[in-house]
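See below for the structure under consideration.
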C-alpha cells in the first residue's frame with residue numbers, strides 16, 4: 001500500500017513528510033520526502049504549550065495555549081500534506097493511509113499519560129484521506145512506555161542491509177533513542193537520554209538561533225567534563241531498557257557559568273555520553289551505529305560519538321540510502337500500514353509492554 005507519514009518532533013523545527021510503499025512488514029520503496037518548517041511565532045507557541053502541558057492530568061484537556069497550539073499543528077500538517085502531494089503529483093485516491101503522529105507536549109508513562117496535540121478528524125477532512133493517529137495510547141494504557149515507536153521500522157530497513165552482527169540505529173531528535181538490532185529476532189529499544197532539546201534551548205537563549213548549525217558553536221568550545229560526569233549520574237542512565245523520557249526531563253539541570261561555545265560543547269558531550277552509556281546495557285557491542293534525526297547534521301556530536309564508540313563505525317543514515325531527516329515521517333507511514341493490518345507496533349523489549357501491541361486509531365474524511 002501507499003502510505004504518507006507526517007511527523008513533528010520534540011525539536012519543534014517543523015513537519016516532516018514522507019511517502020513509502022509497504023505491506024506493513026517490509027518496505028518495498030521509499031518515495032519522496034518534504035518539510036514544512038515552523039515559523040518563529042509557531043515555534044514560540046509550541047514552547048508555550050509545552051510549558052503549560054506540564055500541569056495536565058488528563059490527555060484530552062487543552063487549557064491555556066494548548067487549544068490554539070493544537071489548531072496550529074493541525075493546519076500546519078494539512079498544509080504540509082497538501083503542498084507535498086501537489087509538488088509531487090500524488091493523487092489523494094492513490095494514498096491508502098496517512099500516519100499522523102501529532103506534537104508530543106507531555107510524556108509521563110509512569111502516570112499512564114502521554115499527550116499528542118493535533119486534530120486527526122479535522123486533518124482527515126482537510127486532506128480527504130484516512131488518517132491513522134494516536135499511536136502511543138494503547139501501549140501506555142497496557143503498561144508500556146509508549147516510546148520509542150520507530151524501532152519496528154528500523155528493523156524493516158535493516159533487513160535490506162548486507163551486514164552481519166548487531167547494529168544500532170540512533171535517532172537524535174529532541175530526545176535520543178536507540179534501536180538495537182541483531183538479526184531478525186532481537187530488537188531492543190529505549191530512549192538513551194537528551195538529544196537536541198537541551199542544546200537547542202541553550203543556543204536559542206544565548207544566541208537567538210534555534211539550534212547549533214552543524215555543531216559549529218560546540219566545535220569552538222571546551223567541554224566541562226566534571227559537569228557531564230555529574231549529569232550522567234541521573235538514575236535514568238543506569239536503568240536497563242526499555243525506558244523513555246519526556247522532552248523536558250533534564251531541563252532542571254543547570255549549567256555553570258560558561259561561554260556560549262563551552263556551554264554548547266558541554267551539552268553536546270552530555271548527549272554523546274548518554275548514547276554511549278547505553279552500551280553496557282546491551283546484549284552485545286554493536287558493530288555499527290547509524291545516526292538519524294537532526295543530530296545527524298551536528299558534526300561535533302558525530303565526532304564525539306565516534307570517539308566514544310570506537311572501534312565501532314558511526315555513520316549518517318543518508319550514507320545508506322536512508323533519510324536521516326525523514327526517518328520518523330517514513331516510520332509513521334509504516335506504522336500506519338501496520339496498524340491497518342493489526343500488526344504489532346510495540347514489543348516487550350521496545351516499550352516494556354506485557355505483550356506485543358498494535359495501536360493507532362483511524363479518522364476518516
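Even glycines carry a Cβ here, placed using N, Cα and C.
Annotation comment: Swiss-Prot describes 9, 10, 11, 12, 13, 14, 15, 16 as ATP binding site. Residue 12 (ATP binding site) falls within neither a helix nor a strand when secondary structure is assigned with DSSP, and so counts as coil. Sequence-distant neighbours of residue 12 (ATP binding site) (same chain, 6+ apart, CB under 8 A from its CB) are 38, 43, 46, 47, 50, 174, 200.
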Open item on the list: If you count other C-beta atoms within 10 angstroms, which of the binding-site residues 13, 16 is the most crowded?
Closed with: 16
- [ ] Report the same-chain neighbours of residue 9 (ATP binding site): residues 6+ apart in sequence with Cβ closer than 8 Å to its Cβ, ordered by sequence.
- [x] 16, 173, 174, 293, 294, 328
Open item on the list: Please list, in sequence order, every residue of the chain apart from 9, 10, 11, 12, 13, 14, 15, 16 whose Cβ lies within 8 Å of the Cβ centroid of the ATP site.
Closed with: 7, 8, 38, 173, 174, 294
